[in-house]
Amino acid sequence: MLRALQIVFGVLVVAFLILPIIAILPLAFTSSVFLTYPIPAYSLRWFEELVTADVWRLSIVNSLIIGIGATVLSTVLGTLAALGLRRSALPLAGLLRTLFLLPMVVPAVVLGVGMQILLVRLGLASSYTGVIIAHAVLCVPFVVVSVSAALQGIDPAIERAAMSLGAPPVTVFRRVTLPLAVPGVVSGAVFAFATSLDEVVITLFVAGPNQRTLARQMFSSIRENISPTVAAAALLLIVGTLCLAALAALLRRREKRATALP
Amino acid sequence: MSRPSIRDRAWAAALVAPLVLFLVLFFVWPLWTMVTASVVDDAVTKVLPRTAAAMAQWDGNDLPPPAVQTAFAEDLRSAEDQQALGEAVRRLNSAVSGFRTLLSRTVTAAREAADLASLDLAAIDRRWSDPRFWRAIRDAVPPYTDRNLLAALDLKRDASGNITAEDPGTAANRVIMLRTFVIAGTVTLVCALIGLPYAMLAASASGLVRALLLLAVLLPLWTSLLVRTAAWFILLQQEGLINDALMAIGLIDGPLPLIFNRLGVIIAMTHVLLPFMVLPIYSVLIAVPRNLMPAAASLGAGPLRAFWRVLLPLAMPGLMSGCLLVFMVAIGYYITPALVGGANDQMISSVIAFYALGTANWGMAGALGLILLAVTLLLYVVYGRLSRSPQLPGGA
């Protein structure tokens, strides 16, 4: 009896978690202008719309530009900081770590308001630079967490061994530490890109009409005039993030093997 | 490990410095800007510095002494910056309407007057013999104000400077704050009611079943928030899948109102936040020895009693972390209520966004933002204490 109850409960919750995401995917291929089932016929017209309509095409390009910019910026800054935080040679390392994680905690709307006022004062409002900076702030925690975890997994004995064989610190870093940290850096970058891709709220505050991202465009489309293009864009995002997630999982597995083997 | 040398420390500092600088510039500074925007009120002081200094001589009754009036005329005559003047006018006009025409007329007169000391302001415009306008100027000259912070809590200062409640007609913020807490609390409760048994189930399962149960939690976490909200929008709409299915099996005759109301917001937010509840509880339960429940049973405890006396206390730290995390994230939510909710389901973030994006009222946006920020940080501190390591589960 209890067993049956458990199974029913488990199936129901799994369905609640997964089905909504799956349910909208077929609607991307509908030929109708309505987002309803049953689907009258299948067509690719909404994907066509996605790549031909100016607003959508521009938003996809913008998402890529801003995503890559924010990823590069946050990955460089976050990786350097994670390397600096390692072995906590610094006083106040705990405080710094908390500072690096805070962008994840502060409500996006609050940061958005402050960011908007500041960027207007700095003359960066409605510019790609401004949006990339704002996104990078949100991406930093993911990079720091991911790279720190990878660095923590490195056995200090390996580095000591390299040093005892006569390698100077720079060589140890370049030939031993960095290669072992690379999977962490890449999965941090993947997290960063996914975060930027999905960001709407800050974008609403700091981006002008020329910096509209795909997520921002989906937001206004759902709000104002929903069409199956949204489902097509959702499919694009799901496939994109799943590929990124698979990449990150693959790297984490390799990272585990790499640190376990030697 | 030996103590880090000075060289090591210098290296570490050099590596951390760029990110610290970046975050101070583009994270701490924006937040500080927002906080100051809520208390700084210097539009009028900037344009009327002499008046601001002279106002100390006036007790606020009748009309201000001639010294104040002369200082005021001098300020207006030397006001060069049209944009600054415009902002001052806007600020004064929001306190007492009529300032726009009054000031433009007076500025012209002050510029043309030969001798400012003998300039009779009341002759230029009769409104200058009304103390109300002078009082508005006096109230607007201090460079800092608590007006926005008070207004955020539905309070205001009356004519004599005492703090009183805002008129019930215009007071809305407390209602919205209460609503924010109610919605976030409901979502937290629903998440806990589903998340705790689910985490228990996942922790007690093994092999493929456990992997599947965990994948079901991680997959939504990895899916774009916007995609998930769009999905609920499509499912919950009037001709959506849920209404169609319920009608097809004959449970209901007409479509249920599922979207643009509280129910839709809670369903969608629960879906988004459930992983944040399941993962902390699961990570605590996984460390519990597996033979504990059989041990309790062998000592004569029924399943319910064993759960209540053994498993629940052990799961408590995870449950508390999960609840705090869900509540903390939920009170700052904007997208889901904005898309799935109706007018009566908008939370504090929507009001902040309205002031900032809709009316460019930075003062009010900043004041409400400050409140939301303070509550969130407070919850985060408690969360950090509770879970020792100040890290959120991945993918937040």
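Just so you know, glycine gets a Cβ as well, placed from its N, Cα and C.
If you look up TrEMBL, you'll see A:60-248 marked as domain 'ABC transmembrane type-1'.
Feature annotation from TrEMBL assigns transmembrane segment to A:7-35 (among others).
Residues or ranges marked as transmembrane segment in TrEMBL: A:55-83 (among others).
For A:95-119 (among others), the entry in TrEMBL reads transmembrane segment.
If you look at the transmembrane segment (A:131-151), the same-chain residues 6 or more away from its ends with a CB under 8 A from one of its CBs are 66-67, 69-71, 73-75, 77-79, 81-83, 85-86, 97, 100-104, 108, 111, 115, 119, 124, 177, 180-181, 183-185, 187-189, 191-193, 195-196, 199, 202-203, 206-207, 211, 213, 255. The transmembrane segment annotation in TrEMBL covers A:131-151 (among others).
Under the heading transmembrane segment, TrEMBL lists A:172-194 (among others).
Taking Cβ pairs closer than 8 Å, the transmembrane segment (A:230-251) reaches residues 21, 24-25, 27-28, 30, 35, 46-47, 49-50, 56, 60, 183, 186-187, 190-191, 193-194, 197-198, 214-215, 217-218, 221-222 in its own chain, all 6 or more past its ends. The transmembrane segment feature in TrEMBL is assigned to A:230-251 (among others).
If one looks beyond the transmembrane segment (A:7-35) by at least 6 residues along the same chain, the residues whose Cβ comes under 8 Å of a Cβ in the stretch are 41-47, 226-228, 230-232, 234-235, 238. Packing against the transmembrane segment (A:95-119) from elsewhere in the chain are residues 78, 81, 85, 125, 127, 130, 134, 137-138, 140-142, 144-145, 199, 201-202, 204-206: each is 6 or more residues past its ends and has a CB under 8 Å from a CB in it.
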